[in-house]
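As given in Swiss-Prot:
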BINDING   Gly46, Ile47, Ser48, Gly49, Gly50, Gln51, Asp52, Ser53, Thr160, Lys189, Thr211  ATP binding site
BINDING   Asp52, Glu165  Mg(2+) binding site
BINDING   Arg140, Lys173, Asp180, His260, Lys261  deamido-NAD(+) binding site
Amino acid sequence: MTLQQEIIQALGAKPHINPEEEIRRSVDFLKAYLKTYPFLKSLVLGISGGQDSTLAGKLSQMAIAELREETGDNALQFIAVRLPYGAQADEQDCQDAIAFIQPDRVLTVNIKGAVLASEQALREAGIELSDFVRGNEKARERMKAQYSIAGMTHGVVVGTDHAAEAITGFFTKYGDGGTDINPLHRLNKRQGKQLLAALGCPEHLYKKVPTADLEDDRPSLPDEAALGVTYDNIDDYLEGKTLDSAIAKTIEGWYVKTEHKRRLPITVFDDFWKK
């Protein structure tokens with residue numbers, strides 16, 4: 001088995017999907033989890049206005065609405081969380097995503113004060129954060145807020161990670177990577193677009209340039225610029241297609257060096273890092 005085949009198998013990626021079937025699969029997955037643990041009453045997700053959170057948010061709201069109808073439990077709710085750092089550049093996209101999702105509840109937590117306070121406390125301890133590390137601080141502060149909300153609402157934190165993100169480790173460890181349940185796992189980027197199109201999402205929300213937008217020095221830096229490959233390259237790789245060897249090596253390089261992000265804390269029984 002080639003490394004490409006191993007990666008595809010590990011991430012559960014498929015070359016072709018039926019969007020309607022995958023929508024149903026994700027919704028049923030979320031419902032089944034909540035049914036298994038009836039003390040859980042909410043799904044909590046940060047909404048950025050980008051493709052991934054818009055899709056995960058819509059699937060979460062659908063799952064909650066169906067489960068509420070089936071069980072008669074009106075305590076069930078989907079909580080969409082706005083998590084801007086100061087003013088958000090693409091605020092209108094975020095509002096459009098909220099309008100499309102129609103969440104039961106919307107909360108806004110501006111993380112800027114918390115991030116700056118943490119940065120100042122570290123500075124007083126003699127640690128000056130780089131812009132890159134500050135970006136990770138933002139991602140972790142956003143996740144901290146979501147878990148606080150989930151803790152107070154008997155909730156589960158929903159993740160937006162998918163195969164095209166997982167393969168490159170393009171997420172912050174214990175930030176946007178630290179979630180409870182990931183309904184998009186297995187899908188590549190273009191497949192996520194297919195699901196949103198099938199759900200009637202406004203096109204501009206899934207055709208916009210993907211960006212983590214974490215760094216102050218490089219605002220709205222496109223994911224593809226940070227990775228050195230395009231999402232089309234990554235999707236083609238995950239679909240088993242043959243790529244230019246340099247591109248394939250770049251993707252595989254990201255996969256190998258970010259393996260630690262796809263695992264729980266390393267123990268004495270783990271040896272993947274020795275390879």
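Using the three backbone atoms N, Cα and C, a Cβ is placed for every residue, glycine included.
From a predicted model like this one, the values you see are computed outputs, not experimental measurements.
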Conformational class of Thr160 (ATP binding site) under the three-state DSSP mapping: coil
Site with most surrounding Cβ atoms, counting all protein chains shown within 10 Å, from the binding-site residues Arg140, Lys173, His260, Lys261: Arg140
Binding residues Arg140, Lys173, Asp180, His260, Lys261 (deamido-NAD(+)) - maximum C-alpha distance in whole Å: 18
Neighbour-count leader, CB within 10 A, binding-site residues: Asp52, Glu165, Asp180: Glu165
Collapsed DSSP category at Glu165 (Mg(2+) binding site): helix
Among Gly46, Gly50, the most crowded of the binding-site residues [Cβ within 10 Å]: Gly46
Neighbourhood of Thr211 (ATP binding site) by C-beta distance under 8 A, where only residues 6 or more apart in the same chain count: Gly50, Ser220, Leu221, Pro222, Asp223
For Thr160 (ATP binding site): intrachain residues, at least 6 apart, with Cβ closer than 8 Å: Leu45, Asp52, Ser53, Leu55, Ala56, Asp176, Asn182, Leu184
For Gly50 (ATP binding site), the three-state class that DSSP assigns: coil
Ser48 (ATP binding site) CB neighbourhood, other CB atoms within 10 A: 25
Cα proximity to Arg140 (deamido-NAD(+) binding site), best match among binding-site residues Gly46, Ser48, Glu165: Gly46
DSSP three-state assignment for Arg140 (deamido-NAD(+) binding site): helix
